[in-house]
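A.B. asks: Found this in Swiss-Prot, in case it helps:
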| type | residues | note |
| --- | --- | --- |
| DISULFID | CYS84-CYS176 | disulfide bond |
| CARBOHYD | ASN69 | N-linked glycosylation site |
| SIGNAL | 1-16 | signal peptide |
Amino acid sequence: MKLLLLLCLGLTLASSHKEAGQDVVTSNFDASKIAGEWYSILLASDAKENIEENGSMRVFVEHIRVLDNSSLAFKFQRKVNGECTDFYAVCDKVGDGVYTVAYYGENKFRLLEVNYSDYVILHLVNVNGDKTFQLMEFYGRKPDVEPKLKDKFVEICQQYGIIKENIIDLTKIDRCFQLRGSGGVQESSAE
């Protein structure tokens, strides 16, 4: 009897571990499950000046919407001259989890890893004239995530040649939360 109980316990644990692993998706993405509210958590680039204060790629996601043609519509905030402003970008689907958008050059990004209820990791390549750089973004469903997920992002960035010093933890700065859910411009005093 004890052996049977131990066997059942072992199978239950193995089953729950397998189910937890299935939460992470790396292909065959369901865009409808990506839709909704998100928070920018971490930002990384091999050209750090693009993600530093006043950098063109220092943006904060608020919302992702899926359009009828499978494009993704993003609502972002960014700071311009110390003011938080909203802006929108529509990204055209070109493959499974692969999208393009014109923004400070031509951008192609790929969903690397998604846990629909917790986080999204994106890898973007920007080409602007003869200059090219990479950008990695980590979005969470909540304003912050567990340290182990941040560590995972650091490891993934390093696999793409982005050093730890080029990763910015956006949870430590003003992410223009005062504009979330509204539309417009608002002064921001913190950074």
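Including glycine, each Cβ sits where the backbone N, Cα and C put it.
Are these features on the surface or tucked inside, and what are their neighbours?
C.D. replies: According to DSSP, CYS84 (disulfide bond) sits within a strand segment.
Within 10 Å of the C-beta atom of ASN69 (N-linked glycosylation site) sit 8 other C-beta atoms, taking all shown protein chains into account.
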